[in-house]
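> The following block contains the structure, expressed as structure tokens.
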Amino acid sequence: MLYPLIRKFFFSLDAETAHGIGMKGIDLMNAAGLACAVAKPVAACPVEVMGLKFPNPVGLAAGLDKNGDHIDGLAKLGFGFIEIGTITPRPQDGNPKPRLFRIPEAQGIINRMGFNNAGVDKLLENVRAAEFPKKGGILGINIGKNATTPIEKAADDYLICLDKVYNDASYVTVNISSPNTKNLRELQKDEALDDLLAQLKAKQLQLAEQYGKYVPMALKIAPDLDDEQITAIADALRRHRFDAVIATNTTLSREGVEGMPNATETGGLSGKPVFEKSTAVQKKLSIALAGELPIIGVGGIMGGEDAAEKIRAGASLVQFYSGFIYRGPDLVSEVAETLAHVMRKSV
């Protein structure tokens with residue numbers, strides 16, 4: 001495919017500018033009926049997770065399409081599911097630019113975006129205008145808190161978002177692990193986590209009764225956790241009967257990129273350098289959960305074998321974002337084909 005040439009052009013631009021142009025390009029190809037032409041056929045590998053039937057276990061991680069502006073174009077690339085967001089109750093600009101940095105030598109990306117988004121109401125407009133969910137496509141909506149909301153009031157923002165997106169989401173992801181919103185990761189700790197999960201579970205059950213359907217919830221966690229924290233999170237997820245966990249978000253560590261250009265930029269590191277760390281956390285989480293709820297493995301997937309390693313470490317589904325930037329649409333078909341082979345062998 002031509003993506004290596006396209007990437008060369010994109011990488012000559014500022015990262016955020018290139019992102020915007022790339023997303024518009026996907027929309028244009030979709031409108032012209034050409035999106036399928038740039039994507040290879042994707043192997044069928046149906047799986048059932050969280051009570052949802054996925055055509056394949058390969059998902060787009062949150063962050064690429066924050067406002068749900070590009071759902072239909074992205075869907076044509078063969079993803080088994082798409083996650084949009086992170087979205088907050090009110091629109092916000094996020095952190096000052098520049099805030100997105102590539103580390104090509106390590107196939108890494110550092111971002112300090114800060115949940116820049118157009119607000120939950122705008123996202124819902126886009127979701128309702130998209131064809132993908134109407135045709136039964138699995139669409140996750142990732143929710144967060146506004147930067148101006150005090151951390152002790154964070155639950156209010158998550159509850160507002162959950163209430164609004166519930167009827168339009170296939171599943172909802174609760175993001176408490178971005179390193180780019182002040183104190184957000186404090187919500188992963190002990191009483192704060194317990195309180196938040198309890199309130200969200202109560203709201204989920206209330207909404208299930210209101211709408212006559214159960215929409216599963218996943219919690220997205222950080223890779224920068226010790227064994228005790230991983231066990232505590234697993235216990236909380238079981239206690240509050242959450243439906244899944246996404247492991248993991250970006251890391252604050254700079255292991256593997258030391259001394260490289262942009263490596264000292266503030267923000268979360270994703271891409272190949274986070275693979276080992278995120279997979280290690282996922283493996284420990286899988287042991288702690290003992291199969292009681294599914295794991296969506298994300299972090300550093302740059303090829304089919306990386307995704308297979310996530311599955312072997314206990315994941316039921318996988319997602320990527322940075323890999324898509326470095327590898328393009330071919331990564332979707334490669335990962336789907338590898339996982340179809342891995343899952344056939346395990347049956």
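Cβ atoms are placed via backbone N, Cα and C, with glycine included.
When I checked Swiss-Prot for this same protein, it listed these features:
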- Ser178: active site, nucleophile (ACT_SITE)
- Ala62, Gly63, Leu64, Asp65, Lys66, Thr86, Asn142, Asn175, Lys220, Thr248, Gly271, Gly300, Tyr321, Ser322: FMN binding site (BINDING)
- Lys66, Asn111, Arg112, Met113, Gly114, Phe115, Asn175, Asn180, Asn249, Thr250: substrate binding site (BINDING)
> Roughly how wide, in whole Å, is the group Ala62, Gly63, Leu64, Asp65, Lys66, Thr86, Asn142, Asn175, Lys220, Thr248, Gly271, Gly300, Tyr321, Ser322 that binds FMN, by largest Cα to Cα distance?
20
> Please name which of the binding-site residues listed here, Arg112, Gly114, Asn175, is nearest in space to Asn142 (FMN binding site), Cα against Cα.
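Going through Arg112, Gly114, Asn175 one by one, the Cα closest to that of Asn142 (FMN binding site) is Asn175.
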> Please list residues from the chain of Ala62 (FMN binding site) whose Cβ is under 8 angstroms from its Cβ, counting only those at least six apart in sequence.
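Listed in sequence order, they are Glu83, Ile84, Gly85, Thr86, Gly140, Asn142, Thr173, Asn175, Lys220, Tyr321.
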> Do any residues at least six apart in sequence from Leu64 (FMN binding site), in the same chain, have a Cβ closer than 8 Å to its Cβ, and if so which, in order?
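Result: His19, Met23, Leu74, Tyr321, Phe324.
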> Using a Cβ-Cβ cut-off under 8 angstroms and a sequence gap of six or more, which residues of the chain neighbour Gly271 (FMN binding site)?
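Non-local contacts for Gly271 (FMN binding site): Ile103, Ala106, Gln107, Gly108, Ile109, Gly300, Met302, Ser322, Gly323, Ile325, Tyr326.
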> Taking the Cβ of the residue listed as 'active site, nucleophile' as reference, which residues of that chain separated by at least 6 in sequence fall under 8 Å from it?
Thr86, Phe115, Gly144, Leu184, Arg185, Asn249, Thr250, Gly268
> If I restrict to non-local contacts, at least six residues apart, and a C-beta distance under 8 angstroms, what lies near Gly114 (substrate binding site) in its own chain?
Gln92, Gly94, Asn95, Arg99, Ala147, Asn180, Thr181
> Measuring Cα to Cα, how far is Arg112 (substrate binding site) from Lys66 (FMN binding site) in Å?
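The separation of the Cα atoms works out to 14 Å.
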> Would you mind listing, in sequence order, the residues at least six apart from Lys66 (FMN binding site) in the same chain with a Cβ closer than 8 Å to its Cβ?
Ile84, Gly85, Thr86, Ile87, Asn116, Asn117, Ala118
> For Asn175 (substrate binding site), list the number of other Cβ atoms lying within 10 Å of its Cβ atom.
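I get 27 for this one.
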> Going by a 10 angstroms cut-off between Cβ atoms, which of the binding-site residues Arg112, Lys220 has the sparsest surroundings?
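Result for the binding-site residues Arg112, Lys220: minimum number of other Cβ atoms within 10 Å at Arg112.
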